[in-house]
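Data first, discussion second: the structure below is written as structure tokens.
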Amino acid sequence: MMQQNSFHAVIVAGGRGERAGLSVPKQYALLGGKAVVRWSAEAMLSHPLCAGLTIVIPPGDEARAMAEAALSGLTLCWATGGDSRQASVAAGLAGLDEELAGLVLVHDAARPGLDSATIDRLLTAFADATVDGAVPVLPVADTLALCGPDLGDVVDRSALVRVQTPQAFRLTALRAAHAGWQGASASDDAQMIRALGRAVAMVEGRRELEKVTHQGDLEQVEAMLCPAPRAGQWRTAVGMGFDVHRLIDGDGVWLGGLLIPHDRKLEGHSDADVLLHAITDAVLGGIGDGDIGQHFPPSDPQWRGASSDRFLAHACELVAACGGRIEHVDATVMCEAPKVGPHRQAIRERIAAIMGLPVARVSIKATTTERLGFTGRGEGIAAQAVVTVRLPDGGDNQ
Ligand SMILES: Nc1ccn([C@@H]2O[C@H](COP(=O)(O)OP(=O)(O)OP(=O)(O)O)[C@@H](O)[C@H]2O)c(=O)n1
Ligand SMILES: C[C@](O)(CO)[C@H](O)COP(=O)(O)O
């Protein structure tokens, strides 16, 4: 049953970002350690009335979006973009169920500064049954003038606004607008709804919703969203973790959130994922918050056979609750077998997804111990990890 005023979000991330001139399309660029598109995806999904999210990406970009933008940990649908923003929006709308999505919020991935309050203002506009759309707007602060070879006449700016996204619509109206559009390519959806003679309300926009368009914009938006810490406001902490599990007869070992085929398995109360346990302890070490056994006691039956993803995700949530963020993970697995190398990239991607990090910030290494000791004799597997955490001063655990 659809909740009153719940909405489905469509984030268009199907462009090439040519004007921004970055080394990757701007939706995948890192802003405050997180891919640009992930900022809006998280903001949409964390809104209590968000009933679903579709992200529109360039053709063939799904693996990249999941790995580079660390989107695989989020619950969402994919759509393949078109040659223009308008075509990409249409592709995103195509998969929506009319019944489930009464309202749709269409948003540019290139505007990472989305917050819940803006979404609330847009939704509130639909209390007026005559409204079919709502957009966030900002006043124009500069003098505006026509331009030709020389400066032309000044335009009355009191009659102008800057239109941002997300733009909210009744889905039936937006579909009709896209189906009936006959003009040149439309730069946003509100003008398409208005062409049908339908009303679009204006709500207060947000400075932080500035679009990353040209060179230098990414730095400016980052400065708004992640103000650089002044000396003494932040500190960097390094946490370390170490774990060992015994190998027994079985048919595969859980390592880094993946089941690796093997003729043995790791023994433990949970799934015994020795690598995730070491990383979890390193994350907890970074915030001085005990260890994995304290948070998930082996004596507690609810953790019997549990997937260790949950332990690591919980530790990452504790970092966020302190106002901190994880910068980097470096871990080493010690065993003779199974060989980790063939699975290294898949393990990095899985850990990055669990931790909400870009893959580049997760390093996984492996070594034998030259047949020495318990790992050398194949009696068990050991793993150690180092995690770097950035914490605001005052965000400390006592
Ligand atoms: N074919 C396209 C073009 C744009 N977009 C998306 O629409 C938003 C606004 O577009 P814009 O800022 O123009 O992005 P780009 O097209 O990527 O930029 P450029 O024109 O500089 O290449 C962006 O989130 C972009 O990813 C899209 O989904 N599909
Ligand atoms: C949709 C939009 O962000 C509203 O301001 C804007 O029109 C996108 O324009 P672009 O030329 O596709 O960047």
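Glycine is no exception: its Cβ is also placed from the backbone N, Cα and C atoms.
Annotation source TrEMBL lists divalent metal cation binding site at Asp243, His245, His277. Annotation comment: TrEMBL describes Asp243, Val244, His245, His269, Ser270, Asp291, Ile292, Gly293, Thr367, Thr368, Thr369, Glu370, Phe374, Arg377 as 4-CDP-2-C-methyl-D-erythritol 2-phosphate binding site. The region '2-C-methyl-D-erythritol 4-phosphate cytidylyltransferase' annotation in TrEMBL covers 1-236. The region '2-C-methyl-D-erythritol 2,4-cyclodiphosphate synthase' feature in TrEMBL is assigned to 237-398. Here TrEMBL flags Arg19, Lys26, His269, Thr368 as site 'Transition state stabilizer'. Look at TrEMBL and you will find Arg157, Lys211 tagged as site 'Positions MEP for the nucleophilic attack'.
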Q. In the structure shown, with every protein chain counted, which of the recorded positions Arg19, Lys26, Arg157, Lys211, His245 has the densest set of Cβ atoms within 10 angstroms of its Cβ?
A. Lys26
Q. How many other Cβ atoms are found within 10 Å of the Cβ atom of Asp243 (divalent metal cation binding site), counting all protein chains shown?
A. 23
Q) Looking only at Cβ atoms, how many others are within 10 Å of the one on Ser270 (4-CDP-2-C-methyl-D-erythritol 2-phosphate binding site)? A) 21
(Q) Helix, strand or coil for His269 (site 'Transition state stabilizer')? Use DSSP. (A) coil
Q) Can you tell which of His269, His277 has the most other C-beta atoms within 10 Å, given these are the recorded positions? A) His277
Q.
Give the mean pLDDT for the region '2-C-methyl-D-erythritol 2,4-cyclodiphosphate synthase' (237-398) on the 0 to 100 scale.
A. 93
Q: Using Arg157 (site 'Positions MEP for the nucleophilic attack') as the reference point, find which of the binding-site residues Asp243, His245, Ile292, Thr367 has the shortest Cα-to-Cα distance to it.
A: Ile292
Q: With 4-CDP-2-C-methyl-D-erythritol 2-phosphate as the bound species and Asp243, Val244, His245, His269, Ser270, Asp291, Ile292, Gly293, Thr367, Thr368, Thr369, Glu370, Phe374, Arg377 as its recorded binding residues, calculate the greatest Cα-Cα distance and give it in Å as a whole number.
A: 30
**Q.** 8 Å Cβ shell about Asp243, His245, His277 centroid, divalent metal cation site members excluded
**A.** Val244, Leu266, Gly268, Ala272, Asp273, Val274, Leu275, Leu276, Ala278, Ile381, Ala382, Ala383
Q) Taking just the CA atoms, what is the gap between Arg19 (site 'Transition state stabilizer') and His277 (divalent metal cation binding site) in Å? A) 43
Q: Using a Cβ cut-off of under 6 Å to any atom of ligand 1, determine which of the recorded positions Asp243, His269, Thr368 qualify.
A: none
Q | Cβ neighbour count (within 10 Å, all chains shown) around Thr367 (4-CDP-2-C-methyl-D-erythritol 2-phosphate binding site) | A | 13
Q: Rounded to the nearest Å, what's the C-alpha distance separating Phe374 (4-CDP-2-C-methyl-D-erythritol 2-phosphate binding site) and Asp243 (divalent metal cation binding site)? Just drop the number here, would you?
A: 13
Q) For Thr369 (4-CDP-2-C-methyl-D-erythritol 2-phosphate binding site), what residues in its own chain, 6 or more apart in sequence, show a Cβ-Cβ distance under 8 Å? A) Met334, Glu336, Thr375, Gly376
